[in-house]
Amino acid sequence: MLKVFNTATLKKEEFKPIVPGKITMYVCGPTVYNYIHVGNARSSIAFDTIRRYLLYRGYDVNFVSNFTDVDDKIINRAQEEGVSENAIASKYIKAFYEDTKPLNIIPATTRTRATEVIPDIIEFVSDLIDKGYAYESQGGVYFRVRKAGNYGLLAHENLEDLEVGASGRLDDGALALKEDPLDFALWKNEPRQVIKWDSPWGQGRPGWHIECSVMSTKYLGYTIDIHGGGIDLAFPHHTDEMAQSEAHTGKQFVHYWLHNGFVNVNNEKMSKSLGNFTTVHELLSSYDDPMAIRFLMTATHYRRPINYSSSELERARVELDRIRTAYRRLKNADFKIGDDPQIDQLVSKQTAAFVEAMDDDFNVANALAAIFELVRLANSYVDSGDVKDKSAQEILRQIAELIGVFGISGLETKKESLPKKIELLLKKRETARINKNWQQSDQLRDEIFSLGYKVSDSSNGQQVRKI
């Protein structure tokens, strides 16, 4: 029996989909004004892992996510670079796909841009005005928070204790346009010569919160099974989504709210605003094992924070290599025809332990413990010298399938060995860098490049890949 921790109730609850065997799932996507950082990737990986487990359990998962492609940050970046907002958004949407592909994140069933649903947004906002939940003020439209009966549920705060402008997206002067400081923008008046649309209230653009409500309703229906995102989105973003969606439809918006924890650097949340972030784009260019990055992100329970560092990444790689090595040892062992019932029973026991762990709000620590029991079994089976082909294949199948729930692939693939000349040049370059002979270091880097290999320097040392 699958149980999930529901942020709305702060309890683990038995998971019961609206339609048996089918799951509707919405997860908030990035604002595309820059490359995604490791913290953004953590959310994508966490919910990809949850999605993979639901698929493993036999559910049909309809997974929808968004790109916020109209926002002050995008407008500001476009003005800085002298290009259109669409050019900025398109550039970083392309980068998102390029950066998430090596991390083995399954593409969403539907992934849409906010600018693609503007007519739907205008219709949604108009309905809220008609029902008295929203009002127009000088070309903008705002939601009446105090009219929503359960506002603040996800924040677990009284209405009076909620922080005005908690999203950090409150425009200067916006407070003066509101009936109540807690009211939030559904549609923003836009007098500048930037991206905007005609509406019944004048030219403007949507507020941040409305797009996810519209996309979820449009592609998944009035009520969905799971809504996910980072814990920082619980208030105000998801709180506002819930309020406006339930006001619009008169129905419960989400059955289960799931939120992932932060990625921290030196015990402080990684964020672009703090400047303590590492982009996935940078990391992938300097680190040659994307599956180790994925393993680091998925080996910690999704609700717990991760303290990111190069040493933690290296620790994750070492752990993953234990699985890879055991898998390859057994794969390449000498088999005898037949099976071993005792081995098969041990495999079944660990598979059941994996399911039991993941059914407990996706307890990856206990699930990994089951996988490592299979790893130990694989090694001891090879050491026994009496490996039966059917039992060996079952161990291999289960290791690959279970670690595949974590999104880890390529267990059979060995890292490509480097030509001896490249290895020699790398050693010379490492010596030059230790001696701070930067000129020689650069010359050796260029020589390596001329031979078809690119060298990047990182806190993990020299990383080299074939061009």
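Just so you know, glycine gets a Cβ as well, placed from its N, Cα and C.
Note that the structure is a prediction, hence the values are computed from the model and not measured.
Checking the ranges 169-173, 199-203, 269-273 against Swiss-Prot, the motif ''KMSKS' region' annotation falls on 269-273. Range annotated as motif ''HIGH' region' by Swiss-Prot, chosen from 30-40, 316-326, 327-337, 448-458: 30-40. Residues in the motif ''HIGH' region' (30-40) partition by DSSP class (helix H, G, I; strand E, B; coil) as 3 helix, 2 strand, 6 coil. Residues 34, 37-39, 168, 232, 262-263, 308 of the same chain lie 6+ residues outside the motif ''KMSKS' region' (269-273) yet bring a C-beta within less than 8 angstroms of a C-beta in it.
Averaged over the motif ''HIGH' region' (30-40), the predicted model has a pLDDT of 95. Residues of the same chain lying 6 or more positions beyond the ends of the motif ''HIGH' region' (30-40) and with a Cβ under 8 Å from any Cβ of it are 67-69, 71, 73-74, 76-77, 88-89, 92-93, 95-96, 99-100, 230, 262-263, 269-272, 277-283, 293, 297, 308. Comparing Cβ neighbour counts within 10 Å across the binding-site residues His237, Lys272, the minimum falls on Lys272.
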